[in-house]
Amino acid sequence: MKFLLLSTFIFLYSSLALARDKHYFIGITEAVWDYASGTEEKKLISVDTEQSNFYLQNGPDRIGRKYKKALYFEYTDGTFSKTIDKPAWLGFLGPVIKAEVEDKVYVHLKNLASRIYTFHAHGVTYTKEYEGAVYPDNTTDFQRADDKVLPGQQYVYVLHANEPSPGEGDSNCVTRIYHSHVDAPKDIASGLIGPLILCKKGSLYKEKEKNIDQEFVLMFSVVDENLSWYLEDNIKTFCSEPEKVDKDNEDFQESNRMYSINGYTFGSLPGLSMCAADRVKWYLFGMGNEVDVHSAFFHGQALTSRNYQTDIINLFPATLIDAYMVAQNPGVWMLSCQNLNHLKAGLQAFFQVRDCNKPSPEDNIQDRHVRHYYIAAEEVIWNYAPSGTDIFTGENLTALESDSRVFFEQGATRIGGSYKKMAYREYTDGSFTNRKQRGPDEEHLGILGPVIWAEVGDTIKVTFHNKGQHPLSIQPMGVSFTAENEGTYYGPPGRSSQQAASHVAPKETFTYEWTVPKEMGPTYADPVCLSKMYYSGVDPTKDIFTGLIGPMKICKKGSLLADGRQKDVDKEFYLFPTVFDENESLLLDDNIRMFTTAPDQVDKEDEDFQESNKMHSMNGFMYGNQPGLNMCLGESIVWYLFSAGNEADVHGIYFSGNTYLSKGERRDTANLFPHKSLTLLMNPDTKGTFDVECLTTDHYTGGMKQKYTVNQCQRQFEDFTVYLGERTYYVAAVEVEWDYSPSRAWEKELHHLQEQNVSNVFLDKEEFFIGSKYKKVVYRQFTDSSFREQVKRRAEDEHLGILGPPIHANVGDKVKVVFKNMATRPYSIHAHGVKTESSTVVPTLPGEVRTYTWQIPERSGAGREDSACIPWAYYSTVDRVKDLYSGLIGPLIVCRKSYVKVFSPKKKMEFFLLFLVFDENESWYLDDNIKTYSEHPEKVNKDNEEFLESNKMHAINGKMFGNLQGLTMHVKDEVNWYVMGMGNEIDLHTVHFHGHSFQYKHRGVYSSDVFDLFPGTYQTLEMFPQTPGTWLLHCHVTDHVHAGMATTYTVLPVEQETKSG
């Protein structure tokens, strides 16, 4: 250990001789925080007083808006007697810590609170004794002192700002964070979190970034006060009858979740003010739990982030991102989270753009076009599946035992598959008498409004006529407008009159005028056209779910034909995947009256009734009923994707049979979140009928899946790829007993170090739970076609865990997988990204052997700006959901031709990580597992919520709580981490590496120590380990941390050649 430390010190001090020393004196203090200090009347979006009172009003069993918290404060010096004022907008966040590359930062921490806390920094380099995180890491004595700073004690943390943060493609200064890490989720919920800004060498002048006028740091978080260490104190202090409080009551718990920005909720965040034409830098991060799916929307502004144009920034727990904006359009604007549940719960703030007579950037565009649209909102009867059939199974949608029955069955208290909705429809002129007929190319649009398109420099005029029964509007994204033309109504105190633009009454008409200045258009890195959307913003939640949404595309100057189609593109498709929540529709009561046979018996609060109205659709179509997704072999296709909704709307839209290019990367699955939009470029090279579907398991079974067809048309299309290399793998599906947690030692030591005594619902058997062992089926490699001898996994493969064998291929190869089904039910093997002869994956019956052939053309390999090797997943598709959760998944790695020989004389270390909550309730073997492993199988109720929860195994490669072994490397190794995400709505995983940053490529090289994973995300992360030690690797989502989605990786000093393991 002494040798290990000595080598670490020599390395750090030799490389940092030129460092600048910076000192911060930070105290942890307990204080009462008010989440909504400004109580003046504001007009917020989708919020009524009843909703705000639910969170802000205290009472007999309600805490209200004030909570005792522990917060980081900055002091002038080591006496800790005088605090330094911070900007009002920082809220309860700790002080901003700033460093340039090569700086050395000393954080003098004093704990003035009543319990142990620490200081753990993201994105910087530190040795083990400055990590500030509690977990079993084989350290002793002085290396443990950083793990717990007791009340009244002090500790100095020494941090080094090193390459690779920020990365070459990053902005000059990037967002990082620091927080306490005894029990990180509880410490953060108690208030201990702050921003750390890391900058490239020479980019700061007097502690401000050069060429930036204003900077702001924003944390979007649903702060869960139920997890705070001070919950008991807060109940005693702020509830008028504390003895009546039931801490397990769902309403009580929800009232303590504060939907806030920097600790301010319901529009009370102060101090966001700037001049028009100011160059503004936003440092943004998310924090929290599965509910923390945020879409930060800067109304009226254009931002660039990672060189792409945007007005929405998606944030998840520990997502770290920055954005640049030139403030425009003087006025008071809304900064909101467009997750519709968060909008209703008060996650909104105002920012002011003042007119300070600063010269604004010149817009020197000649010959402006005015594009005029005539759009009405009108009622329609909408059928989510006009054929009455599940196109995937051929069955009637109401067939017994079918997944679709719950949504399409009509009856006494069920609406069925048809709903009265509102839709935007286009007319020829302002008389609104002749509706424009949709052509065959527009058939796929479905419920969506007409496409509004424009080029940079254009003016858009939309004459909107409301034929409905409620006030409605049109709120665009991706264009510039004045406050008088905004379709969302909100306002600071004192602005009370309803504006015409944001409140078009029934039978009224309003003409909107929007412009497309240069900064709203695509950047050099963007595609030719940007996918955007428009929707009704009177009450976005109700209006969007009623059907009022449509696509927009904003394109580079001169890129469109007269009819709006993009030059050099054969076909354009618009896809809007969302869970239409008809319970939130403006017309719910009409639908109950019209379509149920006993409307007076309907209980709108009944969970089953609500579930039956959640329509998992694309453009308003379910189970393959979307028409018009037809194209020709070899055509140039653009897909414009966009979404809206809430935290359930985490989508992985998978195009089987083909890949696309987006942001320089080659992919086949696009991740979408509320209000996010994407442009995908595809050249289909295989004819047949393929699936476009959401990989999020509940969405897939719920009907969010369609078919697209690639035809051989007149145009001759030849695939000239010559597949020279041939690789054969012998893989079998084998049933095994799988133990998610063979040793409880790491978990027990963790809880001992945290001084917590916690039971474990996932691993403890108790009376009738299954425990940690389950029968599963896994892919395993064999030596030859006799399938007699399984390939023994080497030390470097130990970390694979449940994963099948890594299948490696280069572009131009043909991979033959000889697959034997040694299990007891039919399975198959199907890979993402590859080309196959047929669009059908044939199941292999028990005992059978079948050969699956995968071709690896150019479009299966890395894009121009990708890493040289990129991961895809392979899995069984007989029943996508049950096969996956039963255990069948593995990695496929595709490298550029001859990459290894040319680029890398030194072999890279490779590690494969699958972050997945294995839902054992969905496994084929659930009944077997109850029989075999439950102490009292006869007592098991498979619908019991606690039983269901106990079978959700939060695992990395199928292992929990430090049980994933074999992640061992040396200083100076080059390491590729191939990370994969699959699963359901809860499978948003923010993967955090302690001790090291990594690099990844998105049209440029970026650096971070947290990467966001979703169902269908496959990504290469490159790491160059430099600090020896055993380091934590975990998901940063609160529930996932507590449920055991964590392990460690070990970096050995360069001289110490020992066996890994």
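A Cβ is built for glycine as well, from the same backbone N, Cα and C atoms used for every other residue.
Counting Cβ atoms from all protein chains shown, Tyr67 (Na(+) 1 binding site) has 26 others lying within 10 Å of its own Cβ. Among the features that Swiss-Prot reports, Na(+) 1 binding site is placed at Tyr55, Gly64, Tyr67, Ser255.
Following the DSSP three-state reduction, the secondary structure of His1036 (O2 binding site) is coil. As annotated by Swiss-Prot, O2 binding site applies to His120, His179, His992, His994, His1036, with the evidence given as similarity to another entry.
Every protein chain shown contributes to the tally, and the Cβ of His120 (O2 binding site) ends up with 24 other Cβ atoms within 10 Å. The Cu(2+) 1 binding site feature in Swiss-Prot is assigned to His120, His992; the stated evidence is similarity to another entry.
Residues annotated as Cu(2+) 2 binding site in Swiss-Prot, with similarity to another entry given as evidence: His122, His179, His1036. In the three-state DSSP assignment, the secondary structure recorded for His179 (O2 binding site) is strand. Taking Cβ-Cβ distances under 8 Å and a sequence separation of 6 or more, the neighbours of His179 (O2 binding site) in its chain are His120, Asp187, Ile188, Leu192, Ile193, Gly194.
The Ca(2+) binding site annotation in Swiss-Prot covers Lys128, Gln143, Asp146, Asp147. In this view, Asp146 (Ca(2+) binding site) is surrounded by 26 other Cβ atoms within 10 Å of its Cβ, with every protein chain counted. Reduced to three states, the DSSP call for Asp146 (Ca(2+) binding site) is helix.
According to Swiss-Prot, the N-linked glycosylation site annotation covers Asn138 (among others). Secondary structure at Asn138 (N-linked glycosylation site), taken from DSSP and collapsed to helix, strand or coil, is coil. The Cβ of Asn138 (N-linked glycosylation site) lies under 8 Å from the Cβ of Thr1030, each on the same chain and at least six residues away in sequence.
Under DSSP, Cys173 (disulfide bond) is assigned to a strand (E or B) in the three-state scheme. Among the features that Swiss-Prot reports, disulfide bond is placed at Cys173-Cys199 (among others), with the record citing similarity to another entry.
Here Swiss-Prot flags His181, His994, His1034 as Cu(2+) 3 binding site. There are 24 other CB atoms within 10 A of the CB of His994 (O2 binding site), with all protein chains counted.
The N-linked glycosylation site feature in Swiss-Prot is assigned to Asn226 (among others); the stated evidence is sequence analysis. Sequence-distant neighbours of Asn226 (N-linked glycosylation site) (same chain, 6+ residues apart, CB-CB distance under 8 A): Ala189, Lys247, Gln253, Asn256, Arg257.
Cys356 (disulfide bond) falls outside any helix or strand according to DSSP and counts as coil. A 10 Å cutoff on Cβ-Cβ distances gives Cys356 (disulfide bond) a total of 12 other Cβ atoms nearby, all chains included. Taken from Swiss-Prot, the feature disulfide bond covers Cys275-Cys356 (among others), and the record attributes it to similarity to another entry.
Annotation comment: Swiss-Prot describes His294, Cys337, His342 as Cu(2+) 4 binding site. Its Cβ taken as reference, His294 (Cu(2+) 4 binding site) is surrounded by 32 other Cβ atoms within 10 Å in the chains shown.
As annotated by Swiss-Prot, domain 'Plastocyanin-like 3' applies to 369-555.
In the three-state DSSP assignment, the secondary structure recorded for Asn396 (N-linked glycosylation site) is strand. Neighbour density for Asn396 (N-linked glycosylation site): within 10 A of its CB lie 15 other CB atoms from the protein chains shown. The N-linked glycosylation site annotation in Swiss-Prot covers Asn396 (among others).
Summarising the annotation, Swiss-Prot assigns Na(+) 2 binding site to Phe407, Gly416, Tyr419, Ser612 and lists similarity to another entry as the type of evidence. Sequence-distant contacts of Tyr419 (Na(+) 2 binding site), defined by Cβ-Cβ distance under 8 angstroms and a gap of at least six in the same chain, are Ile381, Trp382, Tyr384, Glu582, Ser585, Leu587, Asn591, Phe595, Met615.
If you look up Swiss-Prot, you'll see Cys529-Cys555 (among others) marked as disulfide bond, on the strength of similarity to another entry. Applying an 8 A CB threshold to same-chain residues 6+ apart, the list for Cys555 (disulfide bond) reads Trp453, Ala454, Glu455, Val456, Gly521, Pro522, Val528, Cys529, Leu530, Gln566.
Per DSSP, the domain 'Plastocyanin-like 4' (565-713) is made up of 25 helix, 62 strand, 62 coil. Residues or ranges marked as domain 'Plastocyanin-like 4' in Swiss-Prot (evidence: similarity to another entry): 565-713.
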Check: same-chain CB within 8 A of O2 site center, minus His120, His179, His992, His994, His1036 = His122, Ala133, His181, Ala184, Ala318, Asp1009, Val1010, Leu1032, His1034
Counting across all protein chains, other CB atoms within 10 angstroms of the CB of Cys869 (disulfide bond) number 24
Run through the Cβ atoms and count how many others sit within 10 Å of the one on Tyr774 (Na(+) 3 binding site).
-> 25
Checking the disulfide-bonded residues Cys199, Cys713, Cys895 for other Cβ atoms within 10 Å of each Cβ, the smallest tally belongs to Cys713
Residues sitting within 8 A of the centre of the Tyr55, Gly64, Tyr67, Ser255 CB atoms (Na(+) 1 site), not counting those, run Tyr35, Leu56, Gln57, Asn58, Arg62, Ile63, Arg65, Lys66, Glu225, Asn256, Met258
Nearest to His989 (Cu(2+) 6 binding site) by Cα, among Tyr67, His122, Gln143, His294, Cys895 (recorded positions)?
-> His294
Of all the binding-site residues here, Tyr55, Phe407, Phe762, which one's CB has the most other CB atoms within 10 A?
-> Phe407
Spatial neighbours of Ser255 (Na(+) 1 binding site) that are distant in sequence (at least 6 apart) but have CB under 8 A | Phe54, Tyr55, Arg62, Ile63
In sequence order, which residues at least six apart in the same chain have a CB under 8 Å from the CB of Asp147 (Ca(2+) binding site)?
-> Thr118, Glu131, Gly132, Ala133, Val134, Val182, Leu753
So for His651 (Cu(2+) 5 binding site), how many other CB atoms are inside 10 Å of its CB?
-> 32
For the recorded positions listed here, Gln143, Asn583, Asn921, Ser950, which shows the highest count of neighbouring CB atoms within 10 A?
-> Ser950
